[in-house]
Amino acid sequence: MPSFDFDIPRRSPQEIAKGMVAIPGGTFRMGGEDPDAFPEDGEGPVRTVRLSPFLIDRYAVSNRQFAAFVKATGYVTDAERYGWSFVFHAHVAPGTPVMDAVVPEAPWWVAVPGAYWKAPEGPGSSITDRPNHPVVHVSWNDAVAYATWAGKRLPTEAEWEMAARGGLDQARYPWGNELTPRGRHRCNIWQGTFPVHDTGEDGYTGTAPVNAFAPNGYGLYNVAGNVWEWCADWWSADWHATESPATRIDPRGPETGTARVTKGGSFLCHESYCNRYRVAARTCNTPDSSAAHTGFRCAADPL
């Protein structure tokens with residue numbers, strides 16, 4: 001775990017629990033065997049997992065909340081230290097300097113010098129008009145720093161998935177099996193032709209406020225689409241396939257790894273390319289990586 005050079009304030013249980021949802025302990029069926037899944041992601045097998053009770057944020061951490069953390073601690077994010085972060089190509093203002101660094105399998109990502117949480121599209125951009133949008137350009141390290149300061153932690157992948165399911169058993173999405181029940185959009189994802197034209201039929205072509213759309217059965221917002229959310233676990237495509245107490249009772253993932261799990265999908269997910277806005281879907285990134293579609297929410301043990 002990273003170490004931090006800021007003071008961790010003492011917080012009352014009531015202060016920590018504010019804005020969090022209590023998830024009862026018990027069992028649920030984790031993972032999926034969706035034919036549309038990416039085999040290399042290791043969504044399966046479907047397995048029964050038992051979890052202890054926990055708390056989880058109702059919303060993803062917002063720009064306003066992260067700004068309060070930075071103001072209190074002087075924290076500098078990984079994107080700021082590196083001097084750049086990844087921005088979706090259509091969101092980069094004309095004339096903005098860019099770097100040669102590219103992701104060959106995803107050329108729509110542009111490395112933009114000066115892009116960070118407070119200037120998400122690069123120099124000249126601002127979060128002034130989106131204080132209630134999820135903070136982005138935050139690495140796993142940054143998310144752990146915020147959570148530690150807030151008296152919380154990141155959720156395990158199992159906790160995140162149990163909470164995101166909202167009490168439904170093996171539903172495809174946090175609200176059921178239909179993407180747009182009764183023609184209503186329930187999440188912020190890409191509509192149109194990816195990656196050239198987003199029609200914005202769901203109301204957004206970038207991030208949405210953290211309280212947009214209806215919540216799931218547990219009262220959590222935006223656990224599908226909007227921004228990817230960091231989890232505590234190291235990534236593995238097959239660690240969880242082995243039947244053992246470690247993988248079935250309060251699982252915390254492998255002991256070591258090179259990347260951390262992210263869940264939930266983002267506003268850039270589209271069925272033609274990345275359908276990972278399904279609850280069982282998962283992917284990963286290195287702990288120091290950041291991008292314009294990745295944020296987080298926190299968890300905590302019962303207080």
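The backbone N, Cα and C atoms fix where each Cβ goes, and this holds for glycine too.
Secondary structure at Asp202 (Ca(2+) 1 binding site), as computed by DSSP, is coil. Remark: Asp202 (Ca(2+) 1 binding site) has His185, Cys187, Asn188, Ile189, Gln191, Ala208 as non-local neighbours, by Cβ distance under 8 Å and separation of at least 6 in sequence. According to Swiss-Prot, the Ca(2+) 1 binding site annotation covers Asn188, Ile189, Asp202, Tyr204.
Val227 (Ca(2+) 2 binding site): 30 other CB atoms within 10 A of its CB, across all protein chains. For the recorded site, Val227 (Ca(2+) 2 binding site), the DSSP three-state label reads coil. Here Swiss-Prot flags Asn222, Val223, Gly225, Val227 as Ca(2+) 2 binding site.
Residues or ranges marked as Cu(+) binding site by Swiss-Prot: Cys269, Cys274. Cβ neighbour count for Cys269 (Cu(+) binding site): 25 (other Cβ atoms within 10 Å of its Cβ, all protein chains included).
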From Tyr204, Asn222, Gly225: binding-site residues whose CA lies within 10 A of Cys269 (Cu(+) binding site): Gly225
Spatial neighbours of Asn222 (Ca(2+) 2 binding site) that are distant in sequence (at least 6 apart) but have CB under 8 A: Tyr59, Ala60, Pro134, Cys187, Asn188, Ala208, Val210, Ala212, Phe213, Gly264
Near-site residues: Ca(2+) 1, ref Asn188, Ile189, Asp202, Tyr204, CB cutoff 8 A to centroid: His185, Cys187, Trp190, Gln191, Gly200, Gly203, Ala208, Ala212, Gly225, Asn226, Phe267
Number of other Cβ atoms within 10 Å of the Cβ of Gly225 (Ca(2+) 2 binding site) across all protein chains: 29
